[in-house]
Amino acid sequence: MNNSNHLVNSDNVGYASYLLEQEKNKGYLPGQGPFVAAFASSNLGDVSPNILGPHCVNTGESCDNPNSTCPIGGPSMCIAKGPGQDMFDSTQIIGRTMYQRAKELYASASQEVTGPLASAHQWVNMTDVIVWLNSTHAAKTCKPALGYSFAAGTIDGVGSLNFTQGKTEGDPFWDTIRDQILGKPSEEMKECHKPKPILLHTGELSKPHPWHPDIVDVQIITLGSLAITAIPGELTTMSGRRLREAVQAEFASHGMQNMTVVISGLCNVYTHYIATYEEYQAQRYEAASTIYGPHTLSAYIQLFRNLAKAIATDTVADLSRGPEPPFFKQLILPLIPNIVDRAPIGRTFGDVLQPAKPEYRVGEVAEVIFVGANPKNSVQNETHQTFLTVERYEATSTSWQIVCNDASWETRFYWHKGLLGLSNATVEWHIPDTAQPGIYRIKYFGHNRKQDILKPPVILSFEGTSSAFEVVTT
């Protein structure tokens, strides 16, 4: 799902999880049932499901070049595509492929993981790690900064401005704008990050809060012969290989042979990307987003080797806890103020504005539009567990049975903001081939914000129900 998607949903790994859980949790709605299928992230910095590669959307020619740019239109025209007709289709294709392979691995698993449980954790100031390149030479990490190619985005989701990947020099125009608004980056920072030209010197920006973390945590958990390295960022493929090999070698050197080392990405705190030293020199998106400078990966390898050694030698208790991270009691206030929700004159929340058609065939889309309210009102209220349901009438019990909710792949919920607190909610049900013929209806669940004069605001729950409609298979 690329950055043109405005729905809140999981991507292909979430779809793979969805399929496996639906298979294991028969009779349960998505997100319910005893079986949990976790498709975890590993080193995902430069991994893409867009297997057809990058092409210029205006001419169709390949733009698989170091700068990911097109002859006409520049980098903004260079976008990668997946195997499907659109991003929804591609997400399903890739997700189903992962699900099928995971199902095979699940069915054929033969080695049980047994043994003692251990863990090692440290807080580290990632802006000031001395990295030993060899026995005589050392380097250090930098205060965080983002490079020019960060603003270019990637071929999976290009940036909105005309920045290009592979930039190793700054631009006087953007440098001047940055200096006027945010101030100049220090010479020390510019020198430390070379060859990255600094676009945003986030490590020197602290209002209203620090823009990037200085203190991050590193962590290894072992269960028998399995070692899970908890990485606070997105390693590239080669970075992941090097880190796994280094941690495995460290365990082996202290008597823990044949450890299986896996990477769990995006753990504990987010520090953008972690590219190799060589990738850093090219300054594509991932390198420009490697915020602690060219020796970031080497620093992480050094830190994780230290954790592995502590576990292998049973000296975790001797590890320094590290510098305490900051705790932010007052986070940034919402930029968009909460306003009172209003219904059109003569209407109430949940009323149907556009009804369902009397009949649909499988493969068609049933759509209903309701008088809506800001979905943000529902976030902190547990009156309803879903924004929508699709229900089928059971004649034998004379009751409505829920067949889909807002976590179902075939449903979509759109909120359309109007003026002065007015809004609409559209519920779509993309009727699958597996839908049983019968009588159905769609329900919408929401919360509206109400405020009377001189009284505090209150959040009120409501629901709306469509007219009944028939689904036929022929």
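The backbone N, Cα and C atoms fix where each Cβ goes, and this holds for glycine too.
Here TrEMBL flags Ser48 as active site, nucleophile.
For Glu234, Tyr273, the entry in TrEMBL reads Zn(2+) binding site. Cβ neighbours of Tyr273 (Zn(2+) binding site) (same chain, under 8 Å, six or more residues apart in sequence): Gly45, Gly233, Glu234, Leu235, Thr236, Tyr285, Glu286, Ala287, Ser289, Thr290, Ile291.
If you look up TrEMBL, you'll see 1-302 marked as domain 'Neutral/alkaline non-lysosomal ceramidase N-terminal'.
Annotation comment: TrEMBL describes 304-471 as domain 'Neutral/alkaline non-lysosomal ceramidase C-terminal'.
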Cβ atoms near Ser48 (active site, nucleophile) (within 10 Å, other residues, all chains): 14
Cβ neighbour count (within 10 Å, all chains shown) around Glu234 (Zn(2+) binding site): 25
